[in-house]
Amino acid sequence: MNPTVIAVALALASAVAYATAAVAQERLAAGGRPGRMPGLLLRGAWWGAVGLNSTGALLHVAALRYGPLTLVQPLGALTLVAAVPLGARLAGRRVARNEWRGVALALLGLGALLPVTAGETPRDTLSLPQAVGLAGVVLVFIALCVGPGRRGRGTSGRGLRHATASGVASGVASALTQTLTVALADSRVPGAALVSWRAVIVAVLVAVFAVSGLLLAQSAYGSGLGAPLATLTLANPVAAAAIGIALLDERFRGGPAGWALAAAGAAAAARGVVLLSRAPQAGADMRGDAVAVREAAATVRRATARDAAVRETAVPESRAPDEAVREPATVPREPVRELLRDPVRESARERVPTPP
C-alpha cells in the first residue's frame, strides 16, 4: 500500500483519539479548580484521558514512520475539527453554522496541503547535537511562556500561553519521535548496534516533551476548549514543519507553485481553526457555576469569621472582662413569687374581718 495513504489513515485515527482526550480534559478542568493536578491524579476520568492521549501518540508515531513531518503534523488540525462537534454533542447543543464553516475551511486547507507535502518515507534524522540543541532552545521558550514572571490578561491569557507552549512541545516531540523511529529501524540492519546512545537520549527527550505537552494542555484547558485547542493545534504543526524544513531537509513539492498552494491551504486551515475556536463551550458555564459557588462559600466564611471577631471583641465597659463571658444567672424562685403577688388583692384580704 502507498505509504502516504497509510500515514494519512493513521494520522486521522490519531486526531480522533486526541480530540476525545481533549474534550475529556476540558470537562475535567471545567469542573475543578485550575492548576490542581494532584486532585486530577486521583480521578479515573483523567487517567482515561491519558490513555486516549497515549493511543493518539502511538498512532501518530506510526504515521511518522510512513510520512514526513510536513504531511503528518498538519493533519493534527483535525483534532479541533473532531473535538468541537464532539464537545457540542456532550454539552447537549447543536453545532452552529459558523462551526460547520470552520470544519469546511479546515478540511479544504488540509486537502490543499496533501498534494504538496506527500513524499517518500522519511530517511533523514536529527543528529545528537541537533537534538540536544533543539531541546535546549525549546525548553527556554517554554520557560518564557509559563514562567512565574509572566502576567497575562487573566485566565484566558494564561491558557493561551500554556497552549502555545504545549503545541511547541508536542511538535518537538513529534520531530524527535521521527528521528527515534528511523534510528530504531536502522538498528535492524546487520552489523548495526542494537541501541545507540543517540536513540536512548532522544527517547528521554521525547518522554520529557510529551509529558510536558500533556500537562501544559491540561492547564490550558482551564480557560476553555476552543481557543486553547486552536492555539495548540496551530503551534504544533508550525513547530514540527519548521524543524522538518530547517533541519531535516523536507521540502514542499511543486516548486514556487507548491509553496503558494501550501500557503493558501495553511491560510484556509488557520481561518477554519479560528472559526472553530469561537464555538460556545459548555465548559464555560460549568466553570462559571463552579467559580460562583466557590466565591459564595468564601463570602460566607468571611462573614462568619467577621461576626465571630466582633462578638469576641464587643465587651461592655461596665462589666469586668471575666463577667462578660459568664452565663446569665438564674432568677431565684422567691423573688418571682413576690413579683407575681397582687398588692391590691392582698390588702383587701387583710381588711376582711374574720368571723368570731
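Note: Cβ is positioned from N, Cα and C throughout, glycine not excepted.
Any TrEMBL annotation is an automated prediction that lacks curation.
TrEMBL lists 1-21 with the feature signal peptide. According to TrEMBL, the transmembrane segment annotation covers 71-88, 100-118, 130-147, 168-185, 197-217, 229-247, 259-277. Among the features that TrEMBL reports, region 'Disordered' is placed at 308-356. Taken from TrEMBL, the feature compositional bias 'Basic and acidic residues' covers 334-356.
Non-local neighbours of the transmembrane segment (229-247) in the same chain are 22, 26, 68-70, 73-74, 76-77, 79-80, 83, 126, 130, 134, 138, 160, 163-164, 166-168, 170-172, 174-175, 217, 220-221, 270, 273-274, 276-277; each lies 6+ residues outside the stretch with a CB under 8 Å from one of its CB atoms.
Same-chain residues lying 6 or more positions outside the transmembrane segment (197-217) and placing a CB less than 8 Å from one of its CB atoms are 22, 25, 37, 50, 53, 57, 126-128, 131-132, 135, 138, 142, 146, 162-163, 165-167, 169-170, 172-173, 176-177, 179-180, 183-184, 187, 228, 232.
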